[in-house]
């Protein structure tokens, strides 16, 4: 229950407080009205850590990182990825954990404590989260379909003897004298495109075809699981993450050991670790690296703010940020080994180069290439089941009826469009404005003092420089580069028409536009001049003045640092 607590420090204001005519000169007690909110708390420290790791370590690590790395020359991608993590991703990750823990509120209401004019950032985050749920839910539904299909003695994507196969289906495993051509399609590819998606029944975005009822059922089951995982808040989700955050590591370790024993696995490892130095001079590689670390760690999505808001006030969020960021990056690195050992194995079997194994070097890498390799391993059913269980537990899902369109026969086209435009530049722009609002408007000094009040020490020079300059600069670089030189959009043999690119930009703008709209609204409807509209700092000045009292117990000073509103009783 919400309750009011009165803290009455002894001593005189005139002796210890800074001179201010607003203060009474008489040595009278000062009642400080503070409010301890009714938010739930994490039952254990590990519940929070596993929740943050479970959010940061998701499909972005196991699904997105391998194919982005594959597209950008393997090892060459790792160098800009690490650079961008150090100077961009981790500082913003730390910033959000600190903000959520100090202000103890969510992505929308937090802005009344930081800079009210930027409240539109919170609304933009909600729209972006909606778009993420559209295609993430769909991808998890595909994984659930594969999981169900794996409960057979012979996996259905092992051979070309099925009703959905065509004359181009070529099974080169366990067969001799099989020639692989540009027209050849593996059993796994046809299972994915013609049985799971039925994409051949769609003409593209103009006609996405009928609804795949099997995928709709999978979506419903995913929504049900998520609901019962979250319906009692952090009390239940904190327990669920003990499974969802640890199981992927068990599965990845098993798959890594199996992949390392496959013939030709070394070819994939060499491709993964040996940089092609000329790739470092391509702007697109650096842009992809920055975008990947941003999507992987997840600042800007509002989830870190929410998770950390349930922490104790004095929790060491700095240590949490370092630990979870390292776990995140190492998970991506480990996932790369898991995928590239398999790519080396397939290159050996097809007698082609590693970079030529996957016809589509996009998201379908995990639904075509890896299942194909699994189907030809000893114990294929077991490995298929645990692999798709891992995929399901890595997904962050939000129930929404709009995902029905992604469950159509041409839903993969919609998923690709949302992935490229619905989240891309918009979430990076949100991160950029968030860093600017906190560092420049709220003030880096004030933010550093907030951290000091929680941890007992202020952040170092490196973090301050990153928050003020380096991180915003690297985000601005990504935004400008992606807008000036957008990559061509294609899925399999389908090239997206020009009008669909325009639709994509409209989708991206539909979330970001709430930021300037709210700014205009705030400036127009708030009385006073532009200077007076600036967020009030009175509450923070009073808080800092009260913190000067040396005879106030540390626990009471902690309560003072949480003052959200100042009652007229404070000063008379």
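Easy rule for this one: first residue shown is 1, then count along the chain.
Backbone N, Cα and C define each Cβ position, glycine as well.
If you look up TrEMBL, you'll see 1-16 marked as compositional bias 'Polar residues'.
What TrEMBL records for 1-28 is region 'Disordered'.
Sequence annotations record features per position, and here TrEMBL assigns compositional bias 'Low complexity' to 17-27.
Sequence-remote contacts of a segment are chain residues at least 6 beyond its ends whose Cβ falls under 8 Å from one of its Cβ atoms, and for the transmembrane segment (48-66) they are 42, 93, 97, 136, 139, 234, 237-238, 241-242, 244-246, 248, 252, 292, 295-298, 303-304, 307-308, 310-311, 315, 320, 323-325, 327-328, 331-332, 335-336, 338-340, 363, 365-366, 390-391, 394-396. For 48-66 (among others), the entry in TrEMBL reads transmembrane segment.
Per TrEMBL, Na(+) binding site is recorded for 54, 56, 57, 61, 296, 328, 394.
Summarising the annotation, TrEMBL assigns transmembrane segment to 78-99 (among others). Sequence-distant neighbours of the transmembrane segment (78-99) (same chain, 6+ residues past either end, Cβ-Cβ under 8 Å): 52, 56, 69, 110, 114, 273, 275, 280, 285-286, 289-290, 292-294, 296-300, 304-305, 308, 317-318, 320-322, 324-325, 329, 332-333, 431, 434-435, 438, 447, 450-451, 454, 459, 463, 466-467, 470-471, 474-475.
What TrEMBL lists as transmembrane segment is 120-148 (among others). Long-range Cβ contacts of the transmembrane segment (120-148) within its own chain (Cβ-Cβ under 8 Å, at least 6 residues beyond either end) map to 59, 63, 106-111, 196-197, 214-215, 218-219, 221-223, 300-302, 363, 367, 371, 384-385, 388-389, 391-392, 395-400, 402-403, 405-407, 411, 414-415, 418-419, 422-423, 426-427, 430, 433-434, 437, 507, 510-512, 514-519.
Taken from TrEMBL, the feature disulfide bond applies to 160-169.
If you look up TrEMBL, you'll see 211-230 (among others) marked as transmembrane segment.
What TrEMBL records for 242-266 (among others) is transmembrane segment.
Long-range neighbours of the transmembrane segment (322-347) within the same chain, counting only residues 6 or more positions beyond its ends whose Cβ lies under 8 Å from a Cβ of the stretch, are 49, 52-53, 56-57, 60-62, 65-66, 69-70, 74, 78, 81-82, 85, 89-90, 93-94, 248-249, 252, 255-256, 259-260, 262-272, 293, 296-297, 353-354, 356-358, 365-366, 369-370, 372-373. TrEMBL lists 322-347 (among others) with the feature transmembrane segment.
Outside the transmembrane segment (367-390), and at least 6 residues removed from its termini, the chain residues within Cβ reach (under 8 Å) are 62, 142-144, 146-147, 150-153, 155, 157-158, 173-174, 186-189, 191-192, 196, 247-248, 251-252, 254-255, 258, 262, 339, 342-343, 345-346, 349, 357-358, 360. TrEMBL lists 367-390 (among others) with the feature transmembrane segment.
According to TrEMBL, the transmembrane segment annotation covers 421-442 (among others).
Annotated transmembrane segment per TrEMBL: 454-479 (among others), in sequence order.
The transmembrane segment annotation in TrEMBL covers 499-521 (among others).
You'll find the Cα of residue 61 (Na(+) binding site) roughly 31 Å from the Cα of residue 169 (disulfide bond).
For residue 57 (Na(+) binding site), the same-chain residues that are 6 or more apart in sequence and have a Cβ closer than 8 Å to its Cβ are 245, 248, 327, 328, 331, 394.
Recorded residues residue 54 (Na(+) binding site) and residue 169 (disulfide bond) have their alpha carbons 38 Å apart, per Cα-Cα distance. Around residue 169 (disulfide bond), a 10 Å sphere centred on its CB holds 19 further CB atoms from the protein chains shown.
Using a 10 Å radius centred on the Cβ of residue 394 (Na(+) binding site) and all shown protein chains, the other Cβ atoms total 25. Its own atom aside, the Cβ of residue 61 (Na(+) binding site) has 27 Cβ atoms within 10 angstroms in the protein chains shown.
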